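First comes the structure, then the notes that go with it.
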Amino acid sequence: MLLTIDCGNTNTVFALWDGRRFVTTWRTATDHRRTADQYFVWLSTLMSLQKIEAQVTEVIISSTVPRVVFNLRVLCNRYFDCRPLVVGKPDCRLPVDVRVDPGTQVGPDRLVNTVAGFDRHGGDLIVVDFGTATTFDVVDSDGAYIGGVIAPGVNLSMEALHMAAAALPHVDITKPESVIGKNTVACMQAGVFWGYVGLVQGICTQIKAEHGRPMRIIGTGGLAPLFASGEALFDAIEDDLTMHGLTVIHSYNKDLENR
Ligand SMILES: Nc1ncnc2c1ncn2[C@@H]1O[C@H](COP(=O)(O)OP(=O)(O)OP(=O)(O)O)[C@@H](O)[C@H]1O
Ligand SMILES: CC(C)(CO)[C@@H](O)C(=O)NCCC(=O)O
Ligand SMILES: [K+]
C-alpha cells in the first residue's frame, strides 16, 4: 500500500492509498524533532486501533519543511524498507511543467496542488489553499505551474493581531453575522473573515485579467469550506486535493520507471 505524507508548516497529514481510495487519514502537528521511531510508534498504534493490516510498501512525501524530510526518509528505510519519492527532488518527476524564475524553489505543496487540480479539472485554474499561508497557484492551459501569490494564512493573521496588541484576545476564526462588529471579538473576526473574502476575490479577479483566459477557482485546505459558505468564491472545493496530487505524481513516476 502507498503511504502519502503531506507535511505543512503547521500540520502533517498521513494517508493510506490502496490504489483506488484513501483507506484512512491521520494528522499530527509538524515537529522536525520527531524521530523515525516516534513516527512509527504513532502510525502503527493508529493502524492497529483501526484494525488496518496492510503493509506500507511505498511512500511519497511533500514537505514544506526541509528539516523533517530526513527523519521521514529514515522512517521509510527502517520500517517500510523502501526509498520514498520526495516532491521537489530531482528523482521525483512531475507530469506538468514549472515555468518560474530560474533558481526559484516552488513549495512542493503548490506543485502537488497544481498536478491535482489539472488532473481533476484540466488547465486554466487558480488553486487557493488555506494553510499556514494562503496560497494561490496559477495553472496554465497545459497544466504548468506558472506562479501565483503567497498571502499570510488566516490563523496567522488572527494570531498576529493577538500577539501584537495587548488588548486583543486570542480568537478563533468564524463567519461573523455582519461586518460591523459590536464587540472586540466580532470586530476581529469581521476584519479577518471579510478581509480574506475580499483578498480572495480581488486577487482572483486580477489573476484572471492578467492571464487573459477564463479560469476556474478551486479551494482547498481546512478553512476553504468556511470561506465558501455564502460567498461564491470557488467553482469547486476539494478537501483531499494535496493527497490526490501525491497519488497522481506517484503513479506518474511508477509508469516512467516501468517503461
Ligand atoms: N474541518 C475543519 N473545520 C474547521 N477548521 C479546520 C478544519 N480542518 C482544519 N481546520 C483549520 O484550518 C486550518 C488549515 O488547515 P490545513 O490543514 O489546510 O492547513 P494547516 O495544517 O494549518 O497548514 P499547513 O498545511 O501549512 O501545515 C487548520 O489550522 C485548522 O485549524
Ligand atoms: C508558501 C508555503 C509556506 C505554503 O505552504 C510553501 O509552499 C512554501 O514554503 N513555498 C516556498 C516558496 C514558493 O512556493 O514560492
Ligand atoms: K496544506
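Positions of Cβ are set from backbone N, Cα and C atoms, glycine also.
Copied over from TrEMBL:
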- D6, C7, G8, N9, T10, N11, T12, V13, T132: ATP binding site (BINDING)
- G107, P108, D109, R110, T184: substrate binding site (BINDING)
- D109: active site, proton acceptor (ACT_SITE)
- D129: K(+) binding site (BINDING)
Densest Cβ neighbourhood among T12, T132 (binding-site residues), 10 Å radius: T12
Candidate nearest G8 (ATP binding site) in space, where candidates are the binding-site residues G107, D109, D129, T184 and distance is Cα-Cα: D109
Environment of D6, C7, G8, N9, T10, N11, T12, V13, T132, the listed ATP site - residues of the same chain whose CB lies within 8 A of the CB centroid: T30, T64, V65, G131
Listed binding-site residues with Cβ under 6 Å from ligand 3, out of G8, T132, T184: G8
Contacting binding-site residues, sequence order - D6, G8, T10, R110, D129, T132 vs ligand 1, Cβ under 6 Å: G8, T10, T132
Long-range Cβ environment of D6 (ATP binding site), under 8 Å and at least 6 residues apart: T12, V13, A15, S62, D109, V112, T242, M243, L246
Among T10, G107, T184, the binding-site residues whose C-beta sits under 6 Å from ligand 2: G107
Spatial separation of R110 (substrate binding site) from T132 (ATP binding site) - C-alpha basis, Å: 13
Site extent for substrate, whole Å (max Cα pair distance, G107, P108, D109, R110, T184): 38
In three-state DSSP terms, the structure that P108 (substrate binding site) belongs to: helix
Secondary-structure category, per DSSP, in which T12 (ATP binding site) falls: strand
Protein Cβ atoms within 10 Å of G8 (ATP binding site), excluding its own: 22
ATP binding residues D6, C7, G8, N9, T10, N11, T12, V13, T132: largest Cα-Cα distance, in Å and rounded to whole number: 14
